[in-house]
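Can you keep this structure in mind? I'll have questions shortly.
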Amino acid sequence: MALQFTLNQDAPASAHVDCIVVGAFADKTLSPAAQALDSASQGRLTALVARGDVATKTGTTSLVHDLPGVQAPRVLVVGLGDAAKFGVAPYLKAIGDAARALKTGPIGTALLTLTELPVKARDAAWNIRQAVIVSDHAAYRYTATLGKKKVDDTGLTTLAIAGDDARALAVGIATAEGVEFARELGNLPPNYCTPAYLAETAAAFAGKFPGAEAEILDEQQMEALGMGSLLSVARGSANRPRLIVLKWNGGGEARPYVLVGKGITFDTGGVNLKTQGGIEEMKYDMCGGANVIGTFVATVKAELPINLVVVVPAVENAIDGNAYRPSDVITSMSGKTIEVGNTDAEGRLILCDALTYAERFNPEALVDVATLTGACMVALGHQTAGLMSKHDDLANELLAAGEHVFDRAWRLPLWDEYQGLLDSTFADVYNIGGRWGGAITAGCFLSRFTENQRWAHLDIAGVASDEGKRGMATGRPVGLLTQWLLDRAEGGN
């Protein structure tokens, strides 16, 4: 965790912390905690806002020192923008802005009072949960491979949250831990995060908690199961594949929810070598796997009363003389044959065997998560994941969960009219569908291996990581998936 969290019900003026975080709207209206500090300081805060020394525009933060009558030596005022437009997005932005500002200063402890602000269609528990998740995300720093480079460990370490809902705090912390676990795996370089490392890390976590267990299948075990599609992708790499299976037994005899995550630890494209820019970001091609593992972490930490199974096919798509080729015909675990049209459409080839394997758990619902297609990014950008399902109830559950926590998805069609694009003369199915509708035809391919399941597909290519040299894994959609499971544990939305 980037931060430690506690609950605090002290009066703002008497709180023993290094800094108190309050808010101010564009019309200069102060948040309730800010009003309390203003009263304690005999109008000092109002005067600073009135003369422009404290900004109130969205995205601004102003640090005020030594307010009279206030125990804390600093007050951070966060601009909240237009009060009439204040809602989920401005609230989450304000929390993130505050955490980033606190992390850069000489402030070890702080009290966040923004949780007192009413957010339309949300309750106090939501405010607390999301404050924890967003502030920890904003405070995260990657340090695993910095070596001798100086790591700045100054700044905020403990954030007290105004409120009294201990369960909301616990669920928020659990979700934040899951997000950070996923981000850390996603950010590791591919010479560190190999299939074996990913499997060992996941198994090590599961081994620490009663009710959690892990099973790691090696190449020989997968071959015995007939996973010819997955193993074909693995043929060109010196880093041998693993199938990671994690189980959380919190729901008695109930059928489990099953998450399957694409775990391509590095994607060269194979024989269809990636020639355009962006190959250096292909370490993020395992973020589907990292994020379902992160969701498992959140579920275990929150002790949700459900059964959960996570399956991650962990494979490196590399090139050598034994690598699979375009025009190869391979046999999947389901028995269906696949003609390889492009070796860079490998994610669906490992997922189809993992989805077939997942059937043995008799899922209540089956959801796969994958950085599957650039086409999804072209269609939807970086703001939302793509969602495909033939099951309206499941799709609506996932969409609602994403909206609730602002980790959103957008539904794309999965109509039968697209299926013909996957026809093959030489096999049961072709692994690519041509130039148009690539995200949808990828979903159609997976649907052929989930025909008897209540299944949905999340294409997270656009949301799993930030672009560019300084980009990092985001941990999305751990928030969406954890909220979906929390909703199921509570008996519905």
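Don't overthink the numbers, they just go from 1 along the chain as shown.
Placement of Cβ uses the backbone N, Cα and C atoms for every residue, glycine included.
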Would you identify which residue of Asp285, Asp328, Asp353 Swiss-Prot lists as part of the Mn(2+) 2 site it also attributes to Lys262, Asp267, Glu346?
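Same Mn(2+) 2 site in Swiss-Prot: Asp285.
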Just counting, how many other CB atoms are there within 10 A of the CB of Glu346 (Mn(2+) 2 binding site)?
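There are 28 of them.
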What is the set of residues, excluding Asp267, Asp344, Glu346, whose C-beta falls within 8 angstroms of the centroid of the C-beta atoms at the Mn(2+) 1 site?
Val233, Ile264, Thr268, Gly269, Gly270, Asn272, Lys274, Met282, Asp285, Asn317, Thr343, Ala345, Gly347
Need the DSSP three-state call for Asp267 (Mn(2+) 2 binding site) to compare against my parser.
strand
Need this for a regression test: recorded positions Lys274, Asp344, Arg348, filtered to those with Cα within 10 Å of Lys262 (Mn(2+) 2 binding site). What's left?
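Arg348, listed in sequence order.
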Out of Lys274, Asp344, Arg348, give those recorded positions positioned within 10 angstroms of Asp267 (Mn(2+) 2 binding site), comparing C-alpha atoms, in sequence order.
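Cα within 10 Å of Asp267 (Mn(2+) 2 binding site): Lys274, Asp344.
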If we check Cα distances from Lys274 (active site), which of the recorded positions Asp285, Asp344, Glu346, Arg348 wins as closest?
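Going through Asp285, Asp344, Glu346, Arg348 one by one, the Cα closest to that of Lys274 (active site) is Asp344.
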Under a three-state reduction of DSSP output, how is Arg348 (active site) classified: helix, strand, or coil?
helix
To the nearest whole angstrom, what is the C-alpha distance linking Arg348 (active site) and Asp285 (Mn(2+) 2 binding site)?
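With distance taken Cα to Cα, Asp285 (Mn(2+) 2 binding site) is 12 Å from Arg348 (active site).
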